[in-house]
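Copied over from Swiss-Prot, here are the features:
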TRANSMEM  20-42  transmembrane segment
TRANSMEM  63-83  transmembrane segment
TRANSMEM  91-111  transmembrane segment
TRANSMEM  115-135  transmembrane segment
TRANSMEM  164-184  transmembrane segment
TRANSMEM  191-211  transmembrane segment
TRANSMEM  246-266  transmembrane segment
TRANSMEM  284-304  transmembrane segment
TRANSMEM  312-332  transmembrane segment
TRANSMEM  336-356  transmembrane segment
TRANSMEM  376-396  transmembrane segment
TRANSMEM  403-423  transmembrane segment
Amino acid sequence: MDFKKDRINMVDGQTAKKTVFATGIGNAMEWFDFGVYAYTTAYIGANFFSPVQNPEIQQIFTFAALAIAFLLRPIGGIVFGIIGDKYGRKVVLTTTIILMALSTLTIGVLPNYDMIGLWAPALLLLARILQGFSTGGEYAGAMTYIAEISPDKKRNSLGSGLEIGTLSGYIAASIMIALLSFFLSDAQMEAWGWRIPFILGLFLGLFGLYLRRKLEESPIYENDVETPARDNIGFFTIIRYYFKDILVCFVAVVFFNVTNYTVTAYLPTYLGQIVKIDETTTSVLITCVMAVMIPLALFFGKLADKIGEKKVFLIGTGGLTLLSIVAFSLLNTKSLPFIILGVFILGFFLSTYEATMPGSLPTMFFTHIRYRTLAVTFNISVSLFGGTTPLVNSWLVESTGNIYAPAYYLTAISIIGFIVIAVLHVSTAGKSLKGSYPNVDNKKDLEFYESNPKKALWWIKVKKNKNA
């Protein structure tokens with residue numbers, strides 16, 4: 001392969017940061033919706049599953065609606081992944097945010113069971129399915145886009161900005177529910193108050209659409225657009241040649257999302273039902289821990305750019321292997337300072353994943369197959385192990401009677417993650433994306449790669465004997 005110096009991408013760092021903000025808005029909206037849903041499960045259950053008298057069973061049905069929607073994410077990943085690889089990243093990102101906004105609004109205006117009977121839970125499920133389908137393309141597309149527009153040496157620190165959107169969206173949801181719960185009675189919340197955040201989510205989506213329409217296509221995608229291998233590559237061919245990378249990506253997404261959904265979706269329920277903390281205190285506690293996670297994620301993102309994301313992965317998986325049971329033990333002391341410490345331990349190690357996943361997962365695949373492979377792998381993993389986490393944890397506690405069952409589940413997942421990452425993952429921090437010339441933001445790096453073609457195109461040796 002002839003080395004062409006003019007294909008090294010000079011990226012403006014400030015422009016990249018603005019782009020991360022525009023892209024992260026979609027993630028903020030996704031998690032605003034998810035956060036509101038998690039905090040209002042009791043009200044949603046009472047409105048859409050009212051024939052079921054047991055509140056705990058209502059909650060399981062409500063979580064089941066969420067879990068079923070997650071099963072649609074791989075289909076969304078396939079559809080939007082193929083479109084994103086063939087027609088560009090921008091077209092997908094503008095489409096998914098529209099669909100997410102519409103599905104969020106729909107939940108807020110749906111009639112309840114007393115009004116339309118079985119149509120109520122059926123339409124709720126359809127709205128969640130649309131949400132799952134659109135988010136199947138959203139997050140993978142956002143990760144891919146940010147990785148492709150970021151300077152290689154800042155990919156993890158800028159990629160962590162996507163997860164800042166996650167945390168900000170969830171914090172906004174938590175604050176809104178806390179304010180509504182403070183000003184409205186429980187009866188008012190159940191009757192109509194829970195709908196307000198879902199309706200307001202439409203405006204967040206419109207703001208995100210406004211910003212995303214101004215985005216430019218990623219330079220790496222445009223430079224690769226004439227690659228003959230772009231078309232007619234089947235998923236079985238991709239699996240055949242990139243099985244190890246797909247396996248590492250799959251496992252990484254498992255331990256990331258089991259931890260993520262345990263903290264963000266299941267912990268509020270656990271603190272309320274098991275630990276017996278009131279809803280307002282739970283909301284404030286989770287919100288404060290997530291606020292602390294924002295600077296932690298930024299710190300670990302910068303650290304990953306310096307020492308490699310593999311070491312940061314191992315900090316997270318190793319820490320949760322050792323301390324998950326400790327954290328849940330602290331939660332069950334019933335002492336608020338120890339409860340805060342327990343939640344903080346989980347949030348601290350989750351922030352290592354928040355910092356590194358967006359910047360590292362896209363590096364596992366070559367440009368012409370990156371979006372679709374990442375989208376399908378990510379969403380199958382999320383569907384099986386992420387969205388089902390609240391349901392699995394609720395079922396484990398209900399069926400075993402053991403309040404530490406969620407800690408055992410998290411520990412087991414972390415052990416598997418630690419082993420797979422330690423043995424199979426190769427750090428790509430600071431290196432160009434596979435199949436692409438480097439992204440640089442200064443003259444020094446540009447001159448270095450111009451005089452060191454093998455460093456610039458390090459991935460050529462990886463692609464030897466691979467035809468996909």
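The first residue you see is number 1, and the count goes up from there.
Cβ from N, Cα, C; glycine included.
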Stretch among 63-83, 164-184, 191-211, 284-304 sharing the most Cβ pairs under 8 Å with the transmembrane segment (376-396): 63-83
Stretch in 20-42, 115-135, 246-266, 284-304, 312-332 most in contact with the transmembrane segment (164-184), if contact is a CB pair under 8 A: 20-42
Of 20-42, 191-211, 403-423, whichever stretch has the most CB pairs under 8 A to the transmembrane segment (246-266): 403-423
Recorded stretch, among 91-111, 336-356, 403-423, maximising Cβ pairs under 8 Å relative to the transmembrane segment (191-211): 91-111
